[in-house]
Amino acid sequence: MSNYPWLTIIVPLPIPAGSSIPLFPYRGNKIVRWYTSGICLSEFLLITYIFCYHFNFNNPFIQLKEDYNWINPIDFHWRLGIDGLSIGLISSTGFVTTLATSAAWPVTRSPRLFHFSMLAMYGGQVGSSAPQDTSLSFFMWEPELIPVHLPLSMWGGKRRLYAATKFILYTAGGSIFLPIGALTMSLYGSDEPTLDSQNLANKSYPIVLEIVLYLSFPVAYAVKLPIFPLHTWLPDTHGEAHYSTCMLPAGILLKMGGYGPIRINMELLPHAHSIFSPWLVIVGAIQIVYAAPIPLSQRNLKRRIAYSSVSHMGFVPIGIGFVTDIGLNGAIPQMIPHGLIGAALFSLAGTSYDRIRTLFIDRMGGIAVSMPKTFTMFSSFPVASLALPGMSGFISELMVSLGMVGSRNYSFTSKIIITVIEAIGIILTPIYSLPMLRQMFYGYKVSNAPISHIMDSGPREILILIRFLLPIVGIGFYPDLVLPLWNSKVDFILSWDLRKR
């Protein structure tokens, strides 16, 4: 059964499954919702089965390889494979998307198109972590932007068209640099271009060319992560999109911006990475300091959550830039569990909006009495976001900081400065999170709308949030639930960097 094409099944499966949605009855909203949730859950269970029974976590090399000739004249192959780095992203994609489709049940306008977009996003985002061919990587990376753009432009706030246009311009514009760098790598040093990622990993480049290649990729990844100053699409997207759509960029799309620098820049271009790694640390530090105070001025609940996410994602380039075992092992959990926290917060924001029909924090005062369940859940996830011990955020940010201590590439003064900057980001998080909760649930309400008859969260919404909370708390108390997924791969990347230098 090891030769079975598992990845070829799980990567495209959601797209043809979604293509059958238009065949459902026009008024079959309930059927569409159950069908989409069933496809997402089946895909996630299949992913879990494959990883549990057909993947060796102690093997740092690419596993479950598949290679099918696709377009002969240009050596375009359907090459798929996964390792410890991609397995976490694929698993979290399945988990978050399954819960996001459950959160999308209140959507009643054109539900068939909306749920098809959700399944198309699912297939594209799973596919972005599995290709072992640079052309196929771009083929997977780029089309997934369309099903994100579509629900953003059709289901959202008053400025949704502006936000959708900004999203597509930023993300598609940044992605232009991917094929340029990939083609340059494939053409160098060989009579016939090779697009196989494994062959590219064994190539060596002149240091000048390696620097040029290294700089061609981070623009695309910086938009996705997002890195200051290419981050401005994120607050607009999250501020205007339907909350179930927000859950996918927060839980999945941003993580691709951290996956790329590890997979391409660090693994394939180690000489240039050793040169530019201090700059990654500087960029991450700037992002933490810049974005951490901004949520204090945001009246819109979803924009406040979005800027909080931008600030905390600054720990990812810092962890990658330290080039240490602990630091890199901290950067990866910062991407994945933080995605769970962000998705859960947007789900809560949408749950509140469905009841009180406003996203402005100063108009939500005094809803704790009528929404006690929502208040209880809303109190849990900001605590996870501020990296309280016992939550997943604490482990990842602690490991990034410990990775800095163990790095020999930075002076004592530099380590002190970075530590102070990280502390500023951590300290500011409760300063804007806790007053937000106080105002929403116990503060003075500016609007005159009655709150006594507001319904609390229902069983479906509570179940979604509990399923988010369990892995966040589980990883916080027992990090070895996830760290063994990529431990061997991290060791291999660091040793591979030393061998290639």
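Just so you know, glycine gets a Cβ as well, placed from its N, Cα and C.
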Per TrEMBL record, range annotated transmembrane segment [choices 167-185, 205-223]: 167-185
Segment-segment contact (the transmembrane segment (335-353); the transmembrane segment (38-56)) at 3 or more Cβ pairs under 8 Å: no
The transmembrane segment (85-108) versus listed stretches 6-26, 374-396, 416-435, 462-479: most Cβ pairs under 8 Å: 462-479
Intrachain neighbours beyond the transmembrane segment (38-56), with Cβ under 8 angstroms and 6 or more residues off its ends: 1-2, 4, 6, 9-10, 13-14, 17-18, 63-64, 82, 87, 90-91, 94-95, 97-98, 101, 118-119, 122, 126
Long-range neighbours of the transmembrane segment (462-479), counting only residues six or more past its ends (CB under 8 A): 95, 99, 102-103, 333, 337, 340-341, 343-344, 347-348, 373, 377, 380-381, 384, 389-395
